[in-house]
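Asker: Structure provided below as structure tokens; questions to follow.
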Amino acid sequence: MSTLELHHIGKSYQSVMVLDRIDLHVPPGSRTAIVGPSGSGKTTLLRIIAGFETPDAGKVILQGKAMFDGTTYVPAHKRGIGFVPQDGALFPHFTVAGNIGYGLKGSQRDKERRINELMDMVALDRRLSALWPHEISGGQQQRVALARALAQRPVLMLLDEPFSALDTALRASTRKAVAELLSEANIASILVTHDQTEALSFADQVAVMRAGKLAHVGPPQELYLRPVDEPTATFLGETLMLTAQLGTGLAHCALGQVKVDNPHRRGEARIMLRPEQITLTPLRPEQYNAASCLAKVIAIDFAGFISTLTLQIISSGETIEIKTISREDLHVGLTVGLDIMGQAHIFAE
């Protein structure tokens with residue numbers, strides 16, 4: 001049985017459809033990331049799951065029980081769902097301990113014991129318990145918000161872009177710590193984000209949302225390497241898209257012959273490669289004949305660790321852009337050999 005099931009969820013505001021027949025299953029103890037651009041409907045979907053809003057159609061099932069099905073509506077505070085908002089939303093007039101313990105029942109001793117357990121769980125120094133929210137760092141504030149959400153022993157944790165306000169280094173470390181914590185506690189979770197890297201690294205199930213629909217749902221590696229369509233491919237990362245003629249397990253394209261992930265397709269198709277699949281080797285003139293594909297570097301856009309190279313394929317004159325790790329031996333006018341690792345992905349007809 002799934003922890004959460006969404007069946008044909010629909011939602012409109014006046015004449016604007018925000019969610020269009022959303023179906024999603026969240027397995028027990030799993031981490032799901034819903035990723036999409038601003039305005040795609042992901043936050044509205046999260047609010048419907050939490051019980052802050054009701055859908056116009058569909059069913060929300062939590063651990064086999066209907067939270068909403070058109071006749072049944074269970075309010076947010078009775079769903080057993082934890083919620084961590086984007087800014088943490090800590091109570092400024094409560095200490096760290098007061099925030100974590102908000103809503104806990106029992107004796108003062110029991111509350112203190114539970115607060116200490118939760119602080120240990122989210123790796124917060126107990127000495128912070130008497131401090132006010134403004135006296136601790138952004139990363140610590142997010143851990144307090146998570147501890148407060150965990151205090152009620154939720155069956156599902158919802159995370160609404162909780163790392164977006166943190167700096168890059170802190171965002172990555174906090175994200176990893178939260179993912180490990182939720183896994184250890186065996187709590188299913190849903191992260192909403194517009195950051196593709198965050199979604200791919202946090203989740204074991206990624207759902208790409210576009211214009212109120214889930215375009216593709218599956219494991220992160222599947223979505224990255226075998227996306228359902230070109231918009232999903234480009235949204236999840238840098239790509240090289242090429243038109244090719246297919247036959248006998250190979251694509252004949254501007255880069256020469258490339259292995260493909262569907263050897264049975266024939267005819268013309270669009271194929272995709274990720275930048276890390278393409279290896280560039282600077283060549284001397286006497287090495288040209290041994291290269292499977294020759295290209296000339298006609299422009300370099302340096303951006304620190306990564307550079308964008310504009311290459312002109314010598315055999316066809318076609319130009320392509322690829323991103324690669326910046327190297328001192330690459331310069332405009334250089335002739336390079338291109339080699340492809342792995343298979344190109346063929347998009348469905």
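Heads up, the Cβ atoms here are built off N, Cα and C, so glycines get one too.
The structure displayed is predicted, hence computed values, not measured ones.
Pulled from Swiss-Prot, these are the listed features:
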- 4-236: domain 'ABC transporter' (DOMAIN)
- Gly36, Pro37, Ser38, Gly39, Ser40, Gly41, Lys42, Thr43: ATP binding site (BINDING)
Asker: Hey, of the binding-site residues listed (Gly36, Gly39), which one tops the CB count within 10 A?
Answerer: Gly36
Asker: Judged by the number of other CB atoms within 10 angstroms, which among Ser38, Ser40, Thr43 is the least packed of the binding-site residues?
Answerer: Ser38
Asker: Once Gly36, Pro37, Ser38, Gly39, Ser40, Gly41, Lys42, Thr43 are set aside, which residues in the chain still have Cβ within 8 Å of the Cβ centroid of the ATP site?
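Answerer: Checked against the 8 Å cutoff, the neighbours are His194, Met209.
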Asker: I'd like the number of other C-beta atoms within 10 A of the C-beta of Pro37 (ATP binding site), please.
Answerer: 11
Asker: Would you count the other CB atoms within 10 A of the CB of Gly41 (ATP binding site), including those on all shown protein chains?
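Answerer: Within a 10 Å radius of the Cβ of Gly41 (ATP binding site) lie 23 other Cβ atoms.
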Asker: In DSSP terms, helix, strand or coil for Lys42 (ATP binding site)?
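Answerer: In three-state terms, Lys42 (ATP binding site) counts as helix.
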Asker: Could you please provide the mean pLDDT value for the domain 'ABC transporter' (4-236)?
Answerer: 91
